[in-house]
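J.: If you look up Swiss-Prot, you'll see 404-460 marked as domain 'MIR 1', on the strength of sequence analysis. Among the features that Swiss-Prot reports, domain 'MIR 2' is placed at 473-529. The domain 'MIR 3' feature in Swiss-Prot is assigned to 534-591; the stated evidence is sequence analysis. As annotated by Swiss-Prot, N-linked glycosylation site applies to Asn168, Asn376, Asn400, Asn515, Asn598, Asn653, with the evidence given as sequence analysis. Annotation comment: Swiss-Prot describes 124-144, 170-190, 216-236, 261-281, 301-321, 353-373, 659-679, 713-733, 735-755, 774-794 as transmembrane segment.
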Amino acid sequence: MLYASGRLLAARAATTLSAPPRARGPALRGKRRELQIPWHLETPSYDPLTGQRTRPGVPPARRVILRKGRMPPAIGGGLAGSELRPRRGRCVPQAARAVSRDVVPQAAARKLKRPAWSSRRFQAAGWWATLAVVTLLSFATRFHRLDQPAHICWDETHFGKMGSYYINRTFFFDVHPPLGKMLIGLAGYLSGYDGTFLFQKPGDRYEHHSYMGMRGFCAFLGSWLIPFAYLTVLDLSKSFPAALLTAALLTFDTGCLTLSQYILLDPILMFFIMAAMLSMVKYNSCANRPFSAPWWFWLSLTGISLAGALGVKFVGLFIIVQVGLNTISDLWHLFGDLSLSLVTVGKHLTARILCLIVLPLVLYVTIFAVHVMVLNKSGPGDGFFSSAFQARLSGNSLHNASIPEHLAYGSVITVKNLRMAIGYLHSHRHLYPEGIGARQQQVTTYLHKDYNNLWIIKKYNANTDPLDPSFPVEFVRHGDIIRLEHKETTRNLHSHYHEAPLTRKHYQVTGYGINGTGDSNDFWRIEVVNRKFGNRIKVLRSRIRLIHLVTGCVLGSSGKILPKWGWEQLEVTCTPYLKETTNSIWNIEEHINPKLPNISLDVLQPSFPEILLESHMVMIRGNNGLKPKDNEFTSKPWHWPINYQGLRFSGANDTDFRVYLLGNPVVWWLNLVSIVLYLLSGSTIAVAMQRGIQLPAELQGLTKVLLRGGGQLLLGWMLHYFPFFLMGRILYFHHYFPAMLFSSMLTGILWDTLLRLCAWGLAPSPLGRRIHAVGILSLLLTTAYSFYLFHPLAYGMVGPLAQEPESPMAGLRWLESWDF
């Protein structure tokens, strides 16, 4: 490296002191289109061993278009210093052009000989052949032993069950958008799965049920990650070794392999993320031919992939941000190109709005439309949604139902919180434990329909039965003082000055009394928030609040999950803060009163925009509410890049078939080192260029690849990693894998570039001509051998645990935190 640095300084001195002055001449007339492509490098030619830039042969009849008022550089400057415009009709990979004789006569005589094996046609054939081998190897590793183990592994219990729900058209709730589960259900349906397997818990055997279609679909999409990464790096770096090294890192990573072999959302998500990244890079590379068929194809495919990524998980927002930043940079450069009219810039802006905003948005909304249309039967997710939403679900108690319109004394009702994913006012015979306020009956909110959700509304000062036929019907009105008696336990809704179980400065809410007899702390004043229906309380439509008469607090739910003594239901409190919030607003859902006439609820069904909005509100609240349970394993974001601890997919004992999600440590630690090296080398080069240091022409192409292509990948890694530090929800190891894809691609580009720089610096010596090939080959062999050592983690293992000395995996437990 010292020798390389010496050569660099010598070349710089030669360029600075002895370069002949530039010839001057008249500027060429005519309109010029100067195309600057953000994050993209024009195609250079390099010596495959030394990394030195070479010049292709010069066709005699080709003219060059120069910047206004500038002439070609001196002969010694090389192509890196010329201001050439690619001929219209060619994409950037074919855009390198030579200088014609009438502009620079000496150029034709200055041809650099290139080996026959590195000709463009042979090189392209080698790229395609390698891509075919990479693709076959990727599919072979992902489909190998796909049927093992023949039982549920980890989150297959969730996403396999949700695939069954789609086949059975049963409505359910999940914190993720529906596309991934829809595709899993479709794959199961097309492969003969009938949707009858229960997917109850990990370890349950599939028996005669067809599960290979769903696993095969996920493995199919996971297998395309490697070819996509290969093509992305090849386009960013124009380097076959960099692309091959990237493909090897991902092919031989046990973590990516494991995630791709099971019924999970991760391979589907990563497929769309990588497809979006590849499409973005491809349409950037065709930016010299705007509005052509390939340009439109890749731009549209980028938008489709963005819709797919967001339709699987909200993590897809990160790749949307990356494409958005690239688009802003692209448009900014086009806007600064004075050779382009504002009409042309407007066309570019319109094309990107159509393909990157309108098209993904239409597809995303269509995904939800199909989701709502297919899932039309009542299921376990009903309680997460509003009463009006439930009225559209076949089999729900509100579907095609007829109930009394106005609330009256003596009615049996359910009271539902207006905030999404809070549920129904609920009580049961269990008491609050010692030390948690008064030891009285628990009152909670519960997300599912249950007989313990039923309450009887009564006057505060009367114990007579309002349903007695001899008594006239009396409607409940705004401002009335009432009691709510729990139908199952006959205890009254009650509050007092004891502190709530979880929320400070809120009061405890309990069930109190015997057979409806209690005290003045059972009295509540009912207030109608939206009084456009009058003073009467309308079922489903009226929004009400319950004000405690003694303490003056308002009944609400904090949304916090109670410990096991509260059956992990949600806390109900009486808050002294009387500000109107959705947590303290309720509506009457079910209403039973034989003395009142019924009306149909069909008119209350929501429109599709209302369904779409409510679905997202419920998903967001559900995502934020994912908290770790007692003794549940979680991980922290700083654990992930260092491969600190894996995740047990299947089995725990030495007699079990064990699958352990853990990244290949050689790959992951190499990625981590590469990120650090990139930050150091990239910063050094950027500072040097900013200070005006002129690099030799042979190095300018390499530094552009490192800064532009590597910078794009570093941005992708940061966008898919750092946001997790800000999330309050429960996190798992598998959340890092989209970021890991970007770090692996960055590793391929970085090491290829560094080895080429070493080869250039050591070029006179025999080592200089071999160091690049030897370095790349060493990395490939090391990665392949590490996969040979760690492949049982992905394909399964039986026998003693790694902690046991006699275990064949004992020597591979490099960290104490690895539990396989």
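Each Cβ is built from the backbone N, Cα and C atoms, and glycine gets one as well.
The shown structure was predicted, so the numbers you read here are calculated from the model rather than taken from an experiment.
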J.: If I take the alpha carbons of Asn376 (N-linked glycosylation site) and Asn400 (N-linked glycosylation site), what is the distance between them in whole Å?
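T.: Rounded to the nearest whole number, the Cα-Cα distance is 13 Å.
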J.: Three states by DSSP: which one describes Asn168 (N-linked glycosylation site)?
T.: helix
J.: Find the shortest Cα-Cα separation between Asn515 (N-linked glycosylation site) and the glycosylation sites Asn400, Asn598, Asn653, and name the residue that gives it.
T.: Asn598
J.: What average pLDDT does the predicted model assign to the domain 'MIR 2' (473-529)?
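T.: The average pLDDT of the model in the domain 'MIR 2' (473-529) works out to 92.
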J.: Can you tell which of Asn168, Asn598, Asn653 has the least company, meaning the fewest other C-beta atoms within 10 angstroms of its C-beta, among these glycosylation sites?
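T.: It is Asn653 that, of the glycosylation sites Asn168, Asn598, Asn653, has the fewest other Cβ atoms within 10 Å.
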J.: Per DSSP, what is the residue count of the domain 'MIR 3' (534-591) in each of helix, strand and coil?
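T.: Helix/strand/coil tally for the domain 'MIR 3' (534-591): 6 helix, 27 strand, 25 coil.
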J.: Please tell me which one of the glycosylation sites listed here (Asn168, Asn400, Asn653) sits closest to Asn598 (N-linked glycosylation site), measuring Cα to Cα?
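T.: So, spelling it out, the nearest of the glycosylation sites is Asn400.
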J.: How about long-range neighbours of the transmembrane segment (774-794): same chain, 6 or more residues beyond its ends, C-beta under 8 Å?
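T.: The answer is 241, 244-245, 248-249, 251-255, 257-258, 261, 646, 659-662, 664-667, 670, 751-752, 755, 758, 808-809, 812, 820.
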J.: Would you confirm whether the transmembrane segment (735-755) and the transmembrane segment (261-281) meet the contact rule of 3 or more C-beta pairs below 8 angstroms, pairs 6 or more apart in sequence?
T.: yes
J.: Rounded to the nearest Å, what's the C-alpha distance separating Asn168 (N-linked glycosylation site) and Asn653 (N-linked glycosylation site)? Just drop the number here, would you?
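T.: Approximately 36 Å lies between the Cα of Asn168 (N-linked glycosylation site) and that of Asn653 (N-linked glycosylation site).
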